[in-house]
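A.B. asks: Here it is, the structure in full.
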Amino acid sequence: MASSSKLVLVMCFMISAFGIGIGAKFNQEFDITWGDGRAKILNNGDLLTLSLDKISGSGFQSKNEYLFGKIDMQLKLVSGNSAGTVTAYYLSSQGPTHDEIDFEFLGNLSGDPYTLHTNVFSQGKGNREQQFHLWFDPTADFHTYSITWNPQRIIFYVDGTPIREYKNSESMGVSYPKNQPMRIYSSLWNADDWATRGGLVKTDWSQAPFSASYRNFSANACIPSSSSSCNSNTTTSTSNSWLNEELDNTSQERLKWVQKNYMVYNYCTDSKRFPQGFPADCVQNN
């Protein structure tokens with residue numbers, strides 16, 4: 001085990017490593033934070049829905065904060081003409097020097113693909129966008145969107161297929177999210193000033209209310225608490241595998257397949273945006 005992972009494992013014991021099984025109850029793990037009734041927890045806590053109309057969107061956040069872990073959530077996105085809408089699902093701390101790990105789903109006209117927008121913030125600095133189209137209709141059924149966050153890397157997965165790996169580049173002077181616990185947030189909101197074709201396509205409010213659904217949340221992660229010991233079975237080597245998770249050869253090939261066929265934007269190849277040279281973290285993350 002790498003020294004940094006040993007440190008995190010010790011931290012997990014000190015701050016309480018905690019596992020939340022697949023299908024955890026939304027009413028136990030999350031708080032609805034805004035939307036004036038537009039967000040609903042249904043089916044005895046097994047399903048959560050967000051809705052958006054011309055007056056307001058809606059959102060929720062996790063009760064717990066996490067410091068490293070593996071997070072899974074199944075989402076079913078807004079169907080039909082979703083242009084102008086954004087469904088955001090992300091980890092974030094608070095404040096001007098916050099850390100953040102983003103999935104954002106940018107809606108589009110009926111028949112056109114969603115854009116999956118990803119980003120990583122550290123110490124308040126983001127601008128590390130990669131965007132993808134998906135190889136399926138994300139509105140027809142639920143699909144699993146996952147984040148593995150450990151001291152060496154952040155891996156974004158869709159249905160178990162890696163779409164992005166962001167490696168720790170601290171050796172190059174680039175900060176990395178490692179000290180600030182983050183909550184899970186999700187929201188459905190109107191962003192028609194930028195979300196679809198740079199804001200050219202506006203939200204069609206005749207299609208409202210728009211709705212997104214969530215189920216089968218799970219987390220295997222470190223949770224800051226006053227406990228001095230692990231209080232679940234996450235101390236096993238299998239369940240803590242995310243601490244050292246990296247992409248094997250098969251997963252690397254899958255990642256290359258996604259990025260070759262479905263990536264539509266990469267900040268590390270945008271020479272117009274960075275005429276003076278690409279950011280230092282692009283050396284490891286291009």
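Including glycine, each Cβ sits where the backbone N, Cα and C put it.
Relevant sequence annotations retrieved from TrEMBL are reproduced here:
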ACT_SITE  E100  active site, nucleophile
ACT_SITE  E104  active site, proton donor
COMPBIAS  225-241  compositional bias 'Low complexity'
REGION    224-245  region 'Disordered'
SIGNAL    1-19  signal peptide
A.B. asks: Near the residue listed as 'active site, proton donor', how many other Cβ atoms are within 10 Å of its Cβ?
C.D. replies: 19
A.B. asks: Taking the Cβ of E100 (active site, nucleophile) as the centre, how many other Cβ atoms fall within a 10 Å radius?
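C.D. replies: Summing over all protein chains shown, E100 (active site, nucleophile) has 18 other Cβ atoms within 10 Å.
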